[in-house]
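As written in TrEMBL, here are the features:
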type: BINDING; residues: 204-211, 287-291, 349-352; note: GTP binding site
type: DOMAIN; residues: 370-383; note: domain 'SRP54-type proteins GTP-binding'
type: REGION; residues: 41-75; note: region 'Disordered'
type: TRANSMEM; residues: 6-25; note: transmembrane segment
Amino acid sequence: MDFDVLILFIVLAVILLSTLGFFLVQGGKLLPKAKREQYLTQRDPDDLPSGGVDTLPAPTEDRPETAEPSLGDGVDLLEEPTVLEPTVETPEPVAGRLARLRARLVKSNNIFGKSLLALLSRDEIDEDVWEEIEEVLLMADLGTDPTMELVDRLRERVKVEGTRDPATVKSMLTQELTDLVDPTLDRRLTVTAEGRPAVIMVVGVNGVGKTTTVGKLARMLVAEDKDVLLGAADTFRAAAAEQLSTWGHRVGVPTVKSDVEGADPASVAYEAVDKGIELEADVVMIDTAGRLQNKSNLMDELGKVKRVVEKKSAVDEVLLVLDATTGQNGLNQAKVFSEVVNVTGIVLTKLDGTARGGIVVAIQRQLGVPVKLIGLGEGPDDLAPFDAAEFVAALLEDH
Ligand SMILES: Nc1nc2c(ncn2[C@@H]2O[C@H](COP(=O)(O)OP(=O)(O)OP(=O)(O)O)[C@@H](O)[C@H]2O)c(=O)[nH]1
């Protein structure tokens, strides 16, 4: 009898232990599985791999619980560590930046203004002189139509006013060039949005200065007391995300990035905007990888980045970064990028290294999109809002 009770007891114990074991294993899987499903349903259906770019892997089962469950595996939010606080820099105020940087513009572009002034001050302006004037304007990348228009206007005025005195010539040129550059265009950046962060995407071909521009612009916004968040959607170049977060750290701005090389840029951009909304940032700025405008798969990928972000928030600005030293080639880039992502403003970089300032006019004419910012050096505060009158004054400044 005792033996039977013992057998019964052992059988019951075995059943109890195996049931417990079953639930323990399930319990270990349930939470991550639920999390993974939640993660997958949060992804955009459009957010599929394309052109050799991988989607971010879903969280693995042994992924530790974190305070940021909404971020996919491989996407980190780099909160500014407190140890960096003492080294956080105070960027230069935006007002008066172009005045400080004007010497650079004068140095690189003054030859253009000087030649024009000299030619127009000649005692006699014959056809050869007008041809020379045309040449100077074309060399400065003003573009054919604006050059012809300007020469016609100048011819008319010289005929009517008939004066060669340098001060008058200068004021005439200032007026005509300023009209061409168009002071009436709205060049303000949209950096506020109602009830959500303003979203700025930065696009362009390789090496034009996109990441540098995002970094410099973050500094400008911080100087205006904006809370900024950066999204490193340039997942193609290994060092780009690091480069961007370094810019962010310098002014105490967090960066959302992926630690998976070649991760889906649309995912990173989406997570950045998501995090920006959660943190109630004023502005989210998304850096994208450089891509040639004739690579259709890469241009499609860029379109997708914007579309995926738009599932979360409107995109307020798409800034196309153009390298001023590449001259007319920038026009082709601008055309194609505009078709894909509806460019709202141009950032013209490296104007410190070229006498081709006329490209400002050519681009605006061709695209109907204003130049909003200009880059005048590699330094952290060498980016300035573009101002038509200041720009022309710098072109014609004596020195
Ligand atoms: N002189 C000068 N150099 C600049 C300016 N803006 C950017 N640069 C330099 O241009 C180089 C390329 O800049 P990046 O910001 O890495 O360019 P990117 O477009 O992000 O490059 P990819 O990601 O490879 O496409 C760097 O050496 C910058 O310092 C500028 O206004 N003037």
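These residue numbers are counts, starting from 1, taken along the chain as shown.
Each Cβ is built from the backbone N, Cα and C atoms, and glycine gets one as well.
A quick note: this is a predicted structure, and the numbers were derived from the prediction, not measured.
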>> At a 10 Å cut-off from the C-beta of ARG291 (GTP binding site), count the other C-beta atoms across all protein chains.
In response: 23
> Are any of the binding-site residues GLY207, LYS210, THR288, ARG291 near ligand 1, with a Cβ under 6 Å from it, and if so which?
Replying inline: GLY207, LYS210
> In sequence order, which same-chain residues at least six apart have a C-beta under 8 angstroms from LYS210 (GTP binding site)?
Replying inline: VAL202, VAL203, GLY204, ASP234, ASP287, THR288, GLY290, VAL321
> Secondary structure at LYS210 (GTP binding site) (DSSP, helix/strand/coil)?
Replying inline: helix
>> List every residue in the same chain as LEU351 (GTP binding site), at least 6 positions away in sequence, whose Cβ is under 8 Å from its Cβ.
In response: ARG104, LEU105, SER108, ASN109, ALA324, GLY357, ILE374, GLY375, LEU376
>> Given a separation of at least six residues and a C-beta threshold under 8 Å, show me what packs close to GLY207 (GTP binding site) in the same chain.
In response: GLY290, ASP323
> Taking GLY204, THR288 as the binding-site residues to compare, which has the smallest set of other Cβ atoms within 10 Å?
Replying inline: GLY204
> What mean pLDDT does the predicted model reach across the domain 'SRP54-type proteins GTP-binding' (370-383)?
Replying inline: 94
